[in-house]
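First comes the structure, then the notes that go with it.
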Amino acid sequence: MSHDAPCSNTLVFFVNGSKVEDADVDPECSLLVYLRTKLRLCGTKLGCGEGGCGACTVMLSKYIRAEDKVKHYSVNACLTPVASLHGLAVTTVEGIGSTKTGLHAVQERLAKAHGSQCGFCTPGIVMSMYTLLRNNPQPTMAQLDEYFTGNLCRCTGYRPILDGYRSLTTSAGPTCGKANCCMLNVGGCGTMNRENPVKNGGMEELDDESGRSGHNLFQASAMRPYDPSQEIIFPPELKVRNDLERERLEFKGPRVVFHRPATLEQLLHLKDLHPTAKIIGGNTEVGVEVQYKNQLYPVLINPINVAELTSIQETSTGMVFGAAVTLTAMEEVLKEQVTLKHESRTRVFAAIIEMLRWFAGKQIRNAAAIGGNIMTASPISDLNPLLTAAGATLTLHSKNGGERQVTLDHTFFTGYRRTVVHPQEVLININIPFTQQNEYFFGYKQARRREDDIAIVNAGCKVVFRPDSIEVLKLDLAFGGMAPTTVMALGTMKELVGRKWDASLLEDGTSQLTRDLPLAFSAPGGMVEYRRALTLSFFFKFYLSVRGLLNQILPELVAPLTHDEQLAVSPHQYTEPSSSQLFQRVSPGQSQIDPIGRPIVHTSAFKQTTGEAVYIDDMPPFVNELYAALVLSSRANAKILGIDESEALKVEGVERFICARDLSEERNQILDYEVFASKMVDCMGQVVGVVVAKDQPTAQRAARLVRVNYEDLDTPIITIQDAIDKKSWWNKWTMKRGDAEAALKAAPYTLEGETHIGGQEHFYMETNAHIAIPKGEDGEMEIISTTQNPSETQLAVAKALGVANNKVVCRVKRLGGGFGGKETRSTTISVPICVAASITGRPVRIMLDRHEDMVITGGRHPFLCRWRVGFTDQGIIKAADLHLYANSGNTQDLSFAVVHRSLYSTCNAYNWQNVSTTGYACKTNLPSNTAFRGFGAPQGMFCSEDIMERVAQHLHMDPKVVREKNLYKSGDTTHFGQVIERCTVSRCWEEVLDQSDYSTLRANVQKFNSEHTYKKRGVSVVPVMFSISFTLSWLNQAGALILIYRDGSVLLSHGGTEMGQGLHTKMIQVASRALGIPY
């Protein structure tokens, strides 16, 4: 077929068994947007927009004609171009079950096992599990773990998710979800308290099919079994028609053209015509660049049907993978090779397989291509250091230059994101070589977390020895994260050739390595010393690993590894997760219709697992609705000289730009912040204006065209130390008990120090979303919001609109997580939207992208605690003087209350006799920090626990003993003057020590640490005493309204918001008992 062969411009694919034909496809449109806007299948959610959270997971199915089988794989719909789905079948959460037609087994188990709380991540988790079952009807827990690496949940901690799905794996058996679970005994696990087990309650089980009543957390045996024969069939049309996969495609949009060539000739012709075109496989890199770096690529080429780029071949020298082969497909083939061939031949393959365990999530690996990983040329690529060290060869081809081969070595990457590949060339395939008997290969990666995270530093290491010796013939060391490109330690590689693999080689190699990889202190990414240390650590592990293998072949020349050294280099082994949960059963005399104390399924759980639960952005658009995009400040502490929106207003579909000019000074001021920054900006991410347009892409593109001119003022105050130096704080408060100064002078021992506590991002799964609907009468406004605080939202909107509070109605259906982040900061987004709706007289909608939400809304307060403490030789605290500094950001927000709470918590559960604690709410040029789980208490407690640890270290005592000596007892008075009655701290402490068998754990840890040099273990027991009331006494109240209708149904209204904590469920339980009616 020639390059000018006819092509199709009609997209054909199936969604949940229904055929979709579209002759007007926008290549910029993702599958997620298509599902939600065109097909109105809103169960698939937008969480992060970069394939990291899994909320958008769907299943793709493809017929493999050569094998006559259907392949199912999970992908991120937020990154998958809808144009790439030609000839495929898509299954979403709506397609496998519903509350009307019946739940699928994976939906039912997740709901009844309490694995869905806020529910925003739930559809993605359901679809990951569903895809696993379609590929393997009885998977192992290890396979389940692999499929969930690309799914995040911010509510559950994963335990109920894994417990619920365990019953669908080969590990199904008695758990805390079973009627006969040993955890129903007060004594805990069946191995404990065998002689006198005590039943936790005495009634027989009452769980019905809905799981609404009874004593078990859930009962898997009563749930619908999984029956693979009842699944949706693959569309027969896609099996019959072979033209869909053979035809050339071209989809033209307003800004982008998408090509899918069918032959190599067509691909080379396209690349010759469009040298700057982006060749995409799974779009996992380009999609992120478009979303977050505002890149525009006018020509996209998807070579997924070009045979030369999708083939996999074995040659005499190695395995040749087409550049478009996915990472999952490559992993499967490499695993097969490792199984079939001798270990010495597949050492590179084994290292790649191990690296792929920690490479992104399953959804990304299912879509991303090996060629894309190379050509992206990321300096922290996980695979490029391995391929570089292995000496992989690449086949390149161009229309006029023909074919050539290059080696992936230190000359391939010419600069940041640049390679030796010419613009007209296409990467055809990659040859990954076999290894020889005298050749050893290992790969390494260190990230902030083990799974689905980018590397801090990674490495590929290969050494070749002269036959029957330990003399180095060739050495290849490639590193990522140490330069703008993947780099090789050329000096070390040259220096160590000809050397024997012994301790002197290790010593000289580490010295040379520090010179090869210097890494300037100004290097992007920071952590310079740590990254330098990692390169040495990787080389040391490589040295030990190779030495261990050499000993097996040449024991007379190489000493064996000690047990300690073997443990240091052993790869991470999967451990099947186990869990238990202790809970109190209801008393035998409680009425069977009384739901209080029973593990009731979340009221919305079934709707959340089927995608039927409606969140704000799931609501259908209103007639004449506009979409908003915020214009945010790009400076901290700067004067606004002018705003030019002229270019933005030229964009077709833009209705208006709104800023401080459109509000009076009084209406623009809400508490201590402005709706729109008028004269100056205090931080980056401050709202300067808002663009409203016909849709989200148009509004966002126009917002980026608004030009704000600034004049920088004084150097911004960023850190707590900056604030201390400039005495920049809103206020300070002191709590005292006794005379701390005098007691410090009299104490036998004193210590002083600093405790630093970093901030934290809320990362609720659903970003801020709001819809403002002007009612057209008397300035009335209705806002549907993701706020945790509808009352405050109502007040702020009314103030900005200049209307009475009763003219504003704020509605909250449910939130996809909040954690405090939507308590007050949501008004910085919702109020501008209401202003825009009021001015235009049209409904206005907004849902922030993840990066916008993170830059605007702040997070947990970073703290610095400077302390002095006096104590006895027995570890009893006699005096403490603490100064706690909180980085509040650019507004007061809730920082005063957060600092107050930290002061209340500085002694934690300890009776410190003389205390002075002072808190400072520091004013800085960062987005205002706000409420977060714990509300300042974790920071205060952390300071006290750091003090207890340091006192114990100073006295060479067990920290447990020091803590015990200082615990509160009944009758003690706190440093804020509260007498503690019926104190249970000591009882809780003893129960924890007993149930955990702490003394044995500690002894085992000490024994392990004394016997091992390179790996250490730790164990700690820490009390927590948290005050549950609000410091503002009038907040410690609540109200509810009950309406009972003539048919006996009840409507319950209350002032709380449902954000995953099950508040509605609990309120229904309370009303059920109070009214004496069944749940």
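Glycine is no exception: its Cβ is also placed from the backbone N, Cα and C atoms.
Automated prediction, rather than curation, is the source of TrEMBL annotations.
Mapped onto DSSP classes, the domain '2Fe-2S ferredoxin-type' (9-96) shows 15 helix, 31 strand, 42 coil. Here TrEMBL flags 9-96 as domain '2Fe-2S ferredoxin-type'.
Positions annotated as [2Fe-2S] cluster 1 binding site by TrEMBL: Cys48, Cys53, Cys56, Cys78. Taking a C-beta cut-off of under 8 Å and a sequence gap of six or more, Cys48 ([2Fe-2S] cluster 1 binding site) has these contacts in its own chain: Ala55, Cys78, Arg850.
The [2Fe-2S] cluster 2 binding site annotation in TrEMBL covers Cys118, Cys121, Cys153, Cys155.
The feature domain 'FAD-binding PCMH-type' is assigned by TrEMBL to 251-437. If you take every residue in the domain 'FAD-binding PCMH-type' (251-437) and average the pLDDT, you get 97.
Taken from TrEMBL, the feature FAD binding site covers Ile279, Ile280, Gly281, Gly282, Asn283, Thr284, Glu285, Val286, Phe359, Asp382, Leu427, Lys445. Of all Cβ atoms in the protein chains displayed, 22 besides its own lie within 10 Å of the Cβ of Glu285 (FAD binding site).
The Cβ neighbour count for Gln788 (Mo-molybdopterin binding site), using a 10 Å radius over every protein chain in view, is 23. Annotation comment: TrEMBL describes Gln788, Phe819, Arg933 as Mo-molybdopterin binding site.
Sequence-distant contacts of Arg901 (substrate binding site), defined as residues of its own chain at least six apart whose C-beta falls under 8 angstroms from its C-beta, comprise Phe935, Gly936, Ala937, Gly940, Ser1027, Thr1031. According to TrEMBL, the feature substrate binding site maps to Glu823, Arg901, Phe935, Thr1031.
Put simply, of the binding-site residues Cys56, Phe359, Gln788, Glu823, Arg933, the one whose Cα is nearest the Cα of Cys155 ([2Fe-2S] cluster 2 binding site) is Arg933. The number of other CB atoms found within 10 A of the CB of Cys56 ([2Fe-2S] cluster 1 binding site), across every protein chain shown, is 28. Distance between Cα atoms for Ile279 (FAD binding site) and Phe819 (Mo-molybdopterin binding site): 41 Å, as a whole number. When the neighbouring Cβ atoms lying within 10 Å are counted for each of the binding-site residues (Cys121, Ile279), the highest count belongs to Cys121. Counting only the Cα atoms, the space from Asn283 (FAD binding site) to Cys153 ([2Fe-2S] cluster 2 binding site) is about 24 angstrom.
In the structure shown, the C-beta of Cys118 has more C-beta neighbours within 10 angstroms than that of any other entry among the binding-site residues Cys118, Cys155. Counting only same-chain residues at least 6 apart in sequence, those with a Cβ under 8 Å from the Cβ of Gly281 (FAD binding site) are Asn302, Pro303, Ile304, Ala324, Thr326, Ala367, Ala368, Ala369, Gly371, Gly372.
Annotated [2Fe-2S] cluster 2 site Cys118, Cys121, Cys153, Cys155; additional same-chain residues within 8 Å of its Cβ mean position, judged by their own Cβ, are Ser116, Gln117, Gly119, Phe120, Thr122, Leu152, Arg154, Thr156, Met765, Gly816, Gly817, Gly1060. Cα to Cα, Glu823 (substrate binding site) and Gln788 (Mo-molybdopterin binding site) are separated by 5 Å. Here the binding residues for substrate are Glu823, Arg901, Phe935, Thr1031. Their largest Cα to Cα distance works out to 17 Å. For the recorded [2Fe-2S] cluster 1 site, residues Cys48, Cys53, Cys56, Cys78 set the reference point as the centre of their Cβ atoms, and the other residues of that chain within 8 Å of it by Cβ are Leu32, Lys45, Leu46, Gly47, Gly49, Glu50, Gly51, Gly52, Gly54, Ala55, Asn76, Gly124. When the C-alpha distances from Gln788 (Mo-molybdopterin binding site) to the binding-site residues Cys53, Cys56, Cys118, Glu285, Phe359 are tabulated, the minimum falls on Cys118.
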